[in-house]
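*Asks:* Just dropping this structure here.
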């Protein structure tokens with residue numbers, strides 16, 4: 001399916017929207033993006049629901065820098081997921097990604113996301129229905145964790161997804177209960193890799209190019225997905241793919257200023273103060289300067305006031 005190692009930008013609910021996808025893919029290194037999830041209940045969603053989550057559908061499902069974007073669906077009902085998958089593809093998505101990994105309690109309580117990892121047969125039914133609804137030339141992929149409470153069903157879940165016809169599987173190397181606590185169990189991805197034939201993308205605790213190499217070696221897969229790591233180090237994709245040096249702080253600060261303009265003038269200004277603080281929270285891991293900048297703006301609620309501080 002792939003002719004070279006792939007680097008995917010992860011779907012992060014409430015964080016990696018189309019503006020963030022644009023900013024990060026402009027920096028290079030990414031081969032593909034997955035959207036935040038579209039929540040599917042018992043209805044066929046209108047086109048506007050897809051355009052809101054994935055405005056790139058107006059641009060042949062690509063970011064402005066030309067990186068393809070696949071719509072992700074989250075739900076529990078096979079038939080409704082299938083109908084909505086068909087709609088997303090009709091609107092231009094080059095395939096469908098299915099979210100079986102979201103650890104959020106509100107999502108799991110309504111039987112979506114990682115809670116489905118308790119029932120491999122449900123995974124099979126969902127993937128099978130979606131695969132049947134989507135033309136063969138379009139990719140159907142899934143994202144899972146190693147399990148819900150434990151890893152006992154990891155291989156069975158992966159096999160169910162493959163048997164149902166998925167083309168591709170992303171594995172976040174922790175269970176739902178483990179959340180985002182280090183470490184990520186990359187060796188478990190290797191176990192899954194040995195049990196199924198479809199390509200696997202490894203995800204979890206990839207913060208640097210050296211982490212990426214270690215993950216590739218331990219998971220026995222060349223393909224990676226990065227999320228929080230790309231927020232902490234914006235050019236992580238290029239560091240992994242092209243051996244680029246990490247961005248200097250002055251470059252990162254200019255990126256934050258550019259992003260501020262995107263947010264404020266991109267009809268998302270009301271979310272901007274929280275978004276920029278959240279991004280700086282991730283950046284503290286890589287840049288000591290981000291700590292001071294975060295402290296300077298964390299009480300500010302006005303976008304203009306925050307931009308003034310950034311511009312100093």
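A Cβ is built for glycine as well, from the same backbone N, Cα and C atoms used for every other residue.
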*Asks:* Taking TrEMBL at its word that 72, 143, 203, 204, 205, 227, 228 bind FMN, choose the one of 172, 242, 250 listed for that site.
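*Replies:* FMN site check in TrEMBL: besides 72, 143, 203, 204, 205, 227, 228, the record includes 172 out of 172, 242, 250.
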*Asks:* Going along the chain, which residues six or more apart from residue 143 (FMN binding site) have their CB under 8 A from its CB?
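*Replies:* Expected: 11, 34, 72, 97, 98, 99, 100, 101, 169, 170, 171, 172, 203.
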*Asks:* Are there any residues at least 6 positions away along the chain from residue 205 (FMN binding site) with a Cβ closer than 8 Å to its Cβ? List them or say none.
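*Replies:* Listed in sequence order: 173, 182, 183, 184, 211, 215, 229.
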*Asks:* Counting all other Cβ atoms within 10 Å across every protein chain shown, which of the binding-site residues 204, 227 scores highest?
*Replies:* 204
*Asks:* Sorted by position, what residues of the same chain at least six away from residue 228 (FMN binding site) have a C-beta under 8 A from it?
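*Replies:* Those within reach of residue 228 (FMN binding site), by Cβ under 8 Å and sequence separation of 6 or more, are 10, 12, 180, 207, 282.
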*Asks:* Hey, how far is residue 227 (FMN binding site) from residue 275 (site 'Interacts with tRNA'), Cα to Cα, in Å?
*Replies:* 15
